[in-house]
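Novice: Okay, these came from Swiss-Prot:
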DOMAIN    71-258  domain 'RNase H type-2'
BINDING   77, 78, 169  divalent metal cation binding site
């Protein structure tokens, strides 16, 4: 007696190689349910192979360093350079050698619904995580570029394990550790992508807390960016202590002198 469709689906779920003999056998089965199951599983395997290839590509910079006997590599990224309110947040993450986390990417390319699950896996697997935070007052004092560098150095300094090399998204730090500046690094390096997720979730949670203190500004949804609702609240209620006075339109509103 032949297999039921349920049994075939169970067998297909275990297959990871498109050249497996079972695929050829089941292709001869004319039942619509079997053909649908075949098509679905093949699509899943192709997606899994594509994801594996993408994650392998994201280890390119790390593998180059592994080849030089460098193991402790910290990826560094920032979130929050553009908003009108709130801090700039950075993270430094050291992942174990050849670490692959499904779905890991630049936080801007990862659906928000998946941020916390990926963060949990990063926290579970990472050898060390450091977070740096610089508030609006300091941003106004030194400018956002310098504030970001300060926050990045904070993040590295808070790592419980000292890194041998830094992979940084589009920055160079005045710091006594060898480093590589990578343009669009959050989409090209697993270590930087991990830092991107950590920084993003950390900052989003901070902005939700600020939303409780300043409910008029919709910070829980706009994260401090200049949305229509945020700008309307600025006009109606003025600025808060977490607004950046060196950013327009706030700069003009308060006549801030940089």
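The first residue you see is number 1, and the count goes up from there.
Heads up, the Cβ atoms here are built off N, Cα and C, so glycines get one too.
Each of these features: where is it, how hidden is it, and who are its neighbours?
Specialist: Under a cutoff of 8 A between CB atoms, and with a sequence separation of 6+ in the same chain, the neighbours of residue 78 (divalent metal cation binding site) are 88, 89, 90, 148, 151, 152, 169, 171, 199. According to its DSSP assignment, residue 78 (divalent metal cation binding site) is in a strand.
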Novice: Suppose the divalent metal cation site is 77, 78, 169. Which further residues of the same chain have a Cβ inside 8 angstroms of that site's Cβ centroid?
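Specialist: Result: 76, 79, 90, 91, 148, 152, 168, 170, 171, 185, 186, 192, 195, 196, 199.
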Novice: Restricting to the domain 'RNase H type-2' (71-258), what is the model's mean pLDDT?
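Specialist: A mean pLDDT of 97 is what the predicted model shows over the domain 'RNase H type-2' (71-258).
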Novice: Taking each of the binding-site residues 77, 169 in turn and counting other Cβ atoms within 10 Å of its Cβ, which one has the fewest?
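Specialist: Lowest Cβ count within 10 Å among the binding-site residues (77, 169) is 169.
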